[in-house]
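Copied over from Swiss-Prot:
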BINDING   Thr49, Cys50, Asn51, Arg52, Ser109, Glu114, Pro115, Gln116, Gln120  substrate binding site
ACT_SITE  Cys50  active site, nucleophile
SITE      His99  site 'Important for activity'
BINDING   Gly189, Ala190, Gly191, Glu192, Thr193, Ile194  NADP(+) binding site
Amino acid sequence: MTLLALGINHKTAPVSLRERVSFSPDKLDQALDSLLAQPMVQGGVVLSTCNRTELYLSVEERDDLQEALIRWLCDYHNLNEDDLRNSLYWHQDNDAVSHLMRVASGLDSLVLGEPQILGQVKKAFADSQKGHMKASELERMFQKSFSVAKRVRTETDIGASAVSVAFAACTLARQIFESLSTVTVLLVGAGETIELVARHLREHKVQKMIIANRTRERAQILADEVGAEVIALSDIDERLREADIIISSTASPLPIIGKGMVERALKSRRNQPMLLVDIAVPRDVEPEVGKLANAYLYSVDDLQSIISHNLAQRKAAAVEAETIVAQEASEFMAWLRAQSASETIRDYRSQAEQVRDELTAKALAALEQGGDAQTIMQDLAWKLTNRLIHAPTKSLQQAARDGDNERLNILRDSLGLE
């Protein structure tokens, strides 16, 4: 049995190829069935995200293994093998285990240390268990990877610092306000960055969210997801006073929030402080707002400096994380190698027990028939000894005849002979 990890990711393939190799969720069962129908595949997990498509497999070793799996992947996606081959990576046994642990821990992600990948790996594993997981070694590898990812996040600072604009904006808000459970946040825009911000805020149980956007339909979809209120951009002037935090990211060519608008809001708030995070380019908030007392304005450049500092911290933490992964992968492979001997040990013990039971039964029968106990016990001991050493003796004799000193030494060591 061999463990494999093969696939492509953001480092080896452009999005034009990644999208062709991805597995759609509604056809994943079909893909897994097709994969497990391959004669060499004993168990499989398919991980398919926007940044990677990977197969984690337990397989029987054979000469054409790599060619057969590449052929299956290309046939399934109607790809030319040459298109895929140059972008494909292939990891086996210890390298496969290390790769999965690195992926689950966020060490192989586009954003170093990002936590979302662990959930994606867990979902891929759960999907594979719906009648598809057949290899206990593969299952154990995934379970171990989950615990390693948890250890990495617990013992290092890999996820402690924000390295995305959206996460940095939320981190800044949480640093300034002791708790988000008592604040109102106004989000201006409804694009991808604001979507991420809204989800981060929901996770931190913000008291209230208001989304202002040019088109209500797009904002309403996000609002329904995070439990927010939707308003028009034209309503910002009137509603700004309610917001303790304003995070803005639109594509407007001109500022949406001006100095006068913020002055009026601060006056209505009796000068309670406002945090404004402008992550738009061009800027959504007039720079002069930052000169107002109790208005704390941060631009995307301010966040980038935070991100750069935090990324350096993450890279330092990643060195610690890599050490953990190397150690855990080595220990897992040692466990796996030990398991490969378990079946042999069970068979050997079972064989010895059968000999014992057979000869003991004959000895007891002889005793019941009135035979001499000492003679019967000596006969039992002699037969038991001969039966148990018969196979090892033959192996030793054959090794000697073959002149195989290495095998002789291994057998001597196995039998506990000095």
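Cβ coordinates come from backbone N, Cα and C, glycine included.
Recorded features from Swiss-Prot, shown on the structure.
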residue: Thr49; record: substrate binding site; DSSP (3 states): coil
residue: His99; record: site 'Important for activity'; DSSP (3 states): helix
residue: Ser109; record: substrate binding site; DSSP (3 states): coil
residue: Gln120; record: substrate binding site; DSSP (3 states): helix
residue: Gly189; record: NADP(+) binding site; DSSP (3 states): coil
residue: Ile194; record: NADP(+) binding site; DSSP (3 states): helix
Other CB atoms, at most 10 A from the CB of Gly189 (NADP(+) binding site): 27
Pick the one among the recorded positions Cys50, Pro115 whose Cβ has the fewest other Cβ atoms within 10 Å in this structure. Cys50
Of all the recorded positions given, namely Thr49, Cys50, Asn51, His99, Gln120, which is spatially nearest to Gly191 (NADP(+) binding site) at the Cα level? Cys50
Looking only at C-alpha atoms, tell me how far Gly189 (NADP(+) binding site) is from His99 (site 'Important for activity'), rounded to the nearest Å. 38
Packing count at His99 (site 'Important for activity') (other Cβ atoms within 10 Å of its Cβ): 25
Alpha-carbon distance [Cys50 (active site, nucleophile); Thr193 (NADP(+) binding site)] in Å: 17
Take the C-alpha atoms of Thr49 (substrate binding site) and His99 (site 'Important for activity') and report the distance between them in angstrom, rounded. 16
Cα-Cα, Pro115 (substrate binding site) versus Ile194 (NADP(+) binding site), nearest Å, comes out at 19
Nearest recorded site to Ala190 (NADP(+) binding site) by CA-CA distance, among recorded positions Cys50, Asn51, Ser109, Gln120: Cys50
Which residues, in sequence order, are found in the same chain with Cβ within 8 Å of the centroid defined by the Cβ atoms of Gly189, Ala190, Gly191, Glu192, Thr193, Ile194 at the NADP(+) site, excluding those residues themselves? Leu187, Glu195, Leu196, Val197, Ser249, Thr250
Enter the number of other CB atoms within 10 angstroms of the CB of Asn51 (substrate binding site). 19
